[in-house]
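Novice: This structure is in structure tokens; I'll ask about it shortly.
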Ligand SMILES: [Zn+2]
């Protein structure tokens, strides 16, 4: 008998002891971070006051109660009963039975109507059919990513269960180490922006946090071969934790599966979907540019299959001695500040990932309230001493002026933007300005992945700001579905028609003009002085966006050195509107630390160029009298 089986036997005895005698416990199992209890009396356990809560407290585990096979009404019969129970206006689209877990997934347009008051309808369903109902919202905008991910995970259900059970055994293995230390190693994003990656290790476990690429610097990848990282083999890692989907944090995660890693990835559900979208696009761009991608689409699917989605605020065991809690980071949809609790109160470290301190139209500001935290690893993108951004309301006014001027000239407004985050923020600004009459209502064309990324946002309204969530969910005024937003889906022919037509706004990728449909738009619109290009995001050194911003007035498109190279002389107006960044500015970073509860003892300033991390590090030291560092890559800190 393995030690994991012994542990389970012991836990089963404990569960039996803690539950009333009339409840039969058939078996218990680990699935990922959860302890699953199988019982013919699942309904009673779920409904009787306090049973699950008590078990969770006594066992210090997340508990999931599931019915045994005999307790399940056959699917055909169950389908009929469920359909009768749920009110018609819930808009049920699909019922899907998972025999292994005893769950029935109910996809509906209005989950609230399926759930009922205080869960009354759900209770009625499980009492009647024995299956545990799980409600899934039909995205208000069709998203191929969301449906592809859902279908794929459904298809891989059996293998996923094996993965979860293996992960569960790993997390609950008996601990062997008798020493006590915590170390943190930097594998990238120190004194640079890009290739975010860290290793958090104890004598017992090893966690990889983020694994990104460095935009514009092919081949500069995280130091995964370092002795602290994968040198001991890919499965010396207990877990991968992903703060958010941007490629400078997520691009190289699939390569771990190519190397043979088969452990879990912990992140939020929206980050999982956005990560899939962006990684597949990353492969697409690489092959279009004639580069050999570092992994294949199969490894992107492997990453999805191994992802265990977490909700904000849920404390989760990810290793025998490490608990992870994710909190809203305010940066993009699903982005998280990741808090690690190590040992029984031994040490606490929080990784900010990328943060936005203030509320934006799309998201609440970053959470900085924790039970305990000794070390903070803090991003420093705008940590330089002059990195102050304009207030968003001022930025919006400037943008409205730019649009009004271009409209009066009968021109087009071309806005390059990142598909995820900035585009949705701008859509909200434009929709409101048009609704209030601050700018004329005109078509807003969405080109590239923007529409798809927006659809993913509407599939996860609970991650958006309260007022926006209400608009998407309950009042038929989803701003993203406003009439003026139109998808460009007819290629260059459609673009030509748009260019020949009335004034319009064009939101298009890529955000730094490094490729994608914005290049076609430059060809079509660039030589007409009545048109305007408006930059709303950071333009990195070395990108075409930065060159245009600096006044370069001739650009080469297409095969830049070959015979098909095409020169366009730029006569369109060029404007820069600050203040729409997804990152906290210098003031925001200081405020995040100043109002943080509790104040950490130590801060590592990372994810910024050398002067930014340096200046932020010394400012925080002077202002708050705490130990601060701006580490290089490949440094290791002993935290405890
Ligand atoms: Zn980011």
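Note that Cβ sites are derived from N, Cα and C of the backbone, with glycine treated the same way.
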Novice: Report the candidate from 162, 354, 501 that shares the Zn(2+) 2 site with 248, 249, 607, as recorded in TrEMBL.
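Specialist: For Zn(2+) 2, TrEMBL names 248, 249, 607; of 162, 354, 501, the listed one is 354.
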Novice: Would you identify which residue of 306, 327, 331 TrEMBL lists as part of the Zn(2+) 1 site it also attributes to 244, 246, 354?
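Specialist: Looking through 306, 327, 331, the residue TrEMBL assigns to the Zn(2+) 1 site is 331.
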Novice: Counting only residues 6+ apart in the same chain, whose Cβ is under 8 Å from the Cβ of residue 246 (Zn(2+) 1 binding site)?
Specialist: 212, 278, 332, 354, 420
Novice: Under a criterion of Cβ-Cβ distance under 8 Å and sequence separation of at least 6, what residues of the same chain contact residue 244 (Zn(2+) 1 binding site)?
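Specialist: Looking at Cβ-Cβ distances below 8 Å from residue 244 (Zn(2+) 1 binding site), excluding near sequence neighbours, one finds 250, 267, 271, 329, 331, 332, 334, 335, 336, 353, 354.
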Novice: Around the Zn(2+) 2 site (248, 249, 354, 607), what further same-chain residues have their C-beta within 8 angstroms of the site's C-beta centre?
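Specialist: In sequence order, the nearby non-listed residues are 189, 193, 194, 196, 210, 212, 243, 244, 246, 353, 379, 381.
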Novice: Taking the Cβ of residue 249 (Zn(2+) 2 binding site) as centre, how many other Cβ atoms lie within 10 Å?
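Specialist: Residue 249 (Zn(2+) 2 binding site) is surrounded by 30 other Cβ atoms within 10 Å.
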Novice: What number of additional C-beta atoms lies within 10 angstroms of the C-beta atom of residue 354 (Zn(2+) 1 binding site)?
Specialist: 26
Novice: Report the residues of the chain - excluding 244, 246, 331, 354 - with C-beta within 8 Å of the mean position of the site's C-beta atoms, for the recorded Zn(2+) 1 site, in sequence order.
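Specialist: For the Zn(2+) 1 site, the extra neighbours are 243, 245, 249, 329, 332, 335, 353, 355, 421, 582.
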